[in-house]
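The following features are taken from Swiss-Prot:
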- 302: active site, thioimidate intermediate (ACT_SITE)
- 245, 246, 247, 295, 296, 297: NADP(+) binding site (BINDING)
- 95-152: domain 'CBS 1' (DOMAIN)
- 153-211: domain 'CBS 2' (DOMAIN)
């Protein structure tokens, strides 16, 4: 990575401050770009879903891992919940999706409550384990909410044995009334569903899998209490990667926590953060972390910078921390501050091996929250920061009322925010398409066949706010 002559920055930069200069390229197609990472996380696209309660759940974990990313489960989850989620994700198919299911006796109201849990647009009606119908929003429109789904389900739908080539499923759906193929096991029971778009994605993305060929998932742990014991429990639960997480990672308790977990020799990549300086990066790697999480205050739900004045513009933080990590054989994840595909590309160009995304994914079908509608009937989901009063209240539920009240006074995050669900990109896979398409194009403009080459070859410039605004498309004439 280098800056254009005369563009060497005299101050720290955000993603908005920077642009990529196109260079000579021998990369013929975006599909020739390898987006897999080399940091040991096992991701085949450089996307990590942040350990936020409003974002990271089992539906998100399954879907993102199937497309090559990885989800970090929040540190507030009990070990039993982590174990159940890990077992669920690792039992999922690498190609077909887990469907929303209903029984024939369920009501239309039940169907409406569940249809938005997945992006498929349909629920499968199951009797004695076998699919007997499909229900969509259109079926439910104008129907009494107490009606039974057996009376409105569509019995004419496409089925195929699980293991059918995705291209064949795509062809089967070409003239189907509903864009959902119901995949069945050899005994005729329901195995999953696959849409036409899902069939296409199966040929583009490579799932992030463990040594046994199962989908990957990560889990977070804090720096308080018996960190080693919890890390051991998370590893035994089946987590593929551990994240030691706190807002201020460059502190003695973090270094002690890293050493405690590293000494267990669990055989898992160890991520720690957050920091924004070379010194902090070096200290965490020397303590035993293999990956350092970079970012203080850039996240959409974070108020740290406005509350404390502490933090650093994210692009410059990633550049400095990535350089320090490379000197020690480590890696960094850019955590927070990405709002467009260009930001992800710039974080990777700066030297990050993966980019953590939180709030951007909160407004999707796969995030854990319920889908809500505003007074204009526009869909949204609620998001909140992990240092907010809402998150702190959940984290301290077992404390005394006095301690809970005292801790509640010290929040650094938004407790409720509406994240709109984009009708054009309602599923997290739609956003992954959006992001990876942008990153692939960036690589072709730079002449990079993979992510290490992107960092090596990229030439950057510094732009004004007007320069950044110029790059925005105009929704109407001027």
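Note that the numbers count up from 1, one per residue, in the order the chain is shown.
Every residue gets a Cβ built from N, Cα and C, even glycine.
Location within the structure of each feature annotated in Swiss-Prot.
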{"residue": "245", "record": "NADP(+) binding site", "DSSP class": "strand"}
{"residue": "295", "record": "NADP(+) binding site", "DSSP class": "coil"}
{"residue": "302", "record": "active site, thioimidate intermediate", "DSSP class": "strand"}
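When the alpha carbons of residue 246 (NADP(+) binding site) and residue 302 (active site, thioimidate intermediate) are compared, the span between them is 13 angstrom. Candidate recorded positions: 247, 296, 302. Fewest other C-beta atoms within 10 angstroms, 247. Taken through DSSP, the domain 'CBS 1' (95-152) splits into 17 helix, 19 strand, 22 coil. Each of the binding-site residues 295, 297 was scored by other CB atoms within 10 A of its CB, and the lowest score goes to 297. Listed in sequence order, 51, 75, 220, 221, 222, 223, 272, 273, 274, 293 are the same-chain residues six or more apart from residue 245 (NADP(+) binding site) with CB atoms under 8 A from its CB.
When the record's NADP(+)-binding residues 245, 246, 247, 295, 296, 297 are compared pairwise by CA position, the greatest distance found is 14 Å. Mean model confidence for the domain 'CBS 2' (153-211) is a pLDDT of 96. When DSSP labels each residue, the domain 'CBS 2' (153-211) comes out as 14 helix, 15 strand, 30 coil, counted as helix, strand and coil in that order. All protein chains considered, the CB of residue 246 (NADP(+) binding site) has 21 other CB atoms within 10 Å. Summary of the NADP(+) site environment: with the site residues 245, 246, 247, 295, 296, 297 set aside, the chain residues having Cβ atoms within 8 Å of the Cβ mean position are 248, 249, 273, 274, 293, 302, 304, 335.
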